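Presented below is the structure to which this report refers.
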Amino acid sequence: MSSDTSDTRPPHSDSGTQSNSESENPIIDSPEPKAHAPLTNKDWWPEQVDVSVLHKQNDKGNPLGEDFNYAEAFAQLDLEAFKRDVIEVIQTSQDWWPADYGNYAGLFIRMSWHAAGTYRIFDGRGGAGQGSQRFAPLNSWPDNANLDKARRLLWPIKQKYGNKISWADLIAYAGNAALEQSGFKTAGFAFGREDIWEPEEMLWGQEDTWLGTDKRYGGTNEDKRELAEPFGATTMGLIYVNPEGPEGKPDPLAAAHDIRETFGRMAMNDEETAALIVGGHTLGKTHGAADVNVGPEPEGAPIEEQGLGWKCPFGTGNANDTVTSGLEVIWTGTNSEWSNRYLEILYGNEWELTKSPAGAWQFEAKNAEATIPDPFGGPPRKPTMLVTDVSMREDPIYGQITRRWLDHPEEMDEAFAKAWYKLMHRDMGPISRYLGPWVAEPEIWQDPVPDVDHELVDESDIASLKSKVLESGLTVQQLVKTAWASASSFRGTDKRGGANGARVRLEPQRSWEGNEPAELAKVLPTLEQIQQDFNASASGGKKISLADLIVLAGSAAVEKAAKDAGYEIDVHFAPGRTDASQEQTDVESFAVLETKADGFRNYIRPGQKTSVEKLLVEKAYLLDLTAPEMTALLGGLRVLNVNHGGSKHGVFTNSPGALSNDFFVNLLDMNTAWKPSENTENVFEGRDRATGEIKWTATANDLVFGSNSVLRGIAEVYAQDDSKDKFVEDFVAAWVKVMNNDRFDLEKF
């Protein structure tokens, strides 16, 4: 195998990109911000906390209305007719965008893959679950070039079936159907992805040019190439890696390092990663017919293009004249026949480095005959591979896996079926959210919980259990802390975590510093004993799970705290949670859910550089809270005195443990002056303006509700004399929301 890395410059010297290309991304100038554009508040005060992220994706922007129920609409879909229609689209070439080999399988597989492949484990963002590929920036990423055509090809399907199928489900399913029509047996498919109607709020990177890498690697050298968290891609505008190698250097082993890291950040191990690349490249091709600059991306294209981008000036601009990535690689020469040809070709040839007609680095079979059919009937081609394809052979670990599959293709098919299913569904959360008859058996990566196999507790049982909990000797603080630790692990991004399963008693959650393991060790045995006593004596087959009891105990404590402040209120409780086992819990997978900061508990893990108040908003976002809900919850939890480690920061009340609006009243008291502590970092002291005596201490998590103008406006409402009842009601409503965040069984129909 030969290589020549003396010239790694992009083929288009006038491009604003940082490197040559990705698997299907054109060489185009990066969009430039409009000069002298009006400044926004973010421009004037970039360090100010932006709470608007908590109000994205609200019902005002949803044309279907707040009462639309996708599960009910989907239930009316004729799935078999729908499947036939999708396959017909795949197998019917259109003159306006001719299909390679008369079949769109490769294009649709890439569309589905790139929709799902944005998922990243650290914050659960990305993935195919919301149809985000329709919106900027994803619809205009270099890596998604010409996927606008794939979605337009599917428009007749969406138009025909309407609201019975979401764009998110259609985009994901199209790749599944493409594989099945080729003869591949998939592991199944689940529907249930609901569309969003505006771009999701997500930091994709800080680079200001397409294909930039400098910010996410922070200038690290090749000996210590570490991708910053939470990013899942090596390069701005790419799904995973640059297929020409890191920063366009065509080194298969260096590329393998990037592949392993980025796929790992999508929760894929080495075998799953290899399977996805081998299987995903069994059908289709890349497109780099000529060294030309294509037109602007969809978001920057002229209005008459109607949302289509990357107009190609070469020849016909499509078919064999298509320029998408600048790479011109045909893996197996088919879009309609599943086979093991990818590995047979990869291992059946020696490879030498060359360049595509567009000037992109790729490999060509050395001294090989032209045996690969042309997609439009032209002369046959020599076998070609991407740099990242050769990584599957040259990397010792990937090579061991793929060599085995060369001789045992049935093992590769099984591995790919499982990995593809995981790829398509990783961001959908628990299996209770899945719809349709093609759902596969639960896997551990879905964080399974047992089905309910007993009668649930009734109102009388609930009242009795509340009494037992409150008489157990456990304090309001212990009960609230435990319930919060259990439920607040939820992430609305990928629907993981939450109270269902009671995994707060299992590894790794019971050992997380933020959950105060020593306190859990005191509380959980007492609750387990109450559970066991009830289950042993209850009639009619009724039982209560520990997951339910933890939430019920926290709710009982909130009711007591409200009563101690003079308010009678019922905290709604919905039984139906079950208890997961340690065997159903992947410790490594759950480790990424550990909170780095939880402003609601005034907790921050050492070493965090982001300002704590911004991390508070991030936590609220993951809990699917609005700004008023975040405000009410934090203010209530402060007066309940449930800070991490018993800290008194922000406990602005003389009656800790009683649910009152004291936090807001005292925060906004102009008789208190705040200054940073001279003794303790990141702590503020509130002193009486007249005497200078310290009245309170606080962190930025607390003071932001008086400093930020938006949050202060909300805090003022809760501090009003006529809002005492409202505060308690709003706190309880927000508390119940957090406790039920993962109860998808309550809201499907």
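One-based numbering along the chain as shown.
Backbone N, Cα and C atoms are what each Cβ position is placed from, and that goes for glycine too.
Copied over from Swiss-Prot:
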type: ACT_SITE; residues: His114; note: active site, proton acceptor
type: BINDING; residues: His281; note: heme b binding site
type: COMPBIAS; residues: 1-12; note: compositional bias 'Basic and acidic residues'
type: COMPBIAS; residues: 14-24; note: compositional bias 'Polar residues'
type: REGION; residues: 1-40; note: region 'Disordered'
type: SITE; residues: Arg110; note: site 'Transition state stabilizer'
The correct three-state DSSP answer for the residue listed as 'heme b binding site' is coil
Inside 10 Å of the Cβ of Arg110 (site 'Transition state stabilizer'), count up the other Cβ atoms and send me the figure. 28
DSSP secondary structure for His114 (active site, proton acceptor), reduced to helix/strand/coil, please. helix
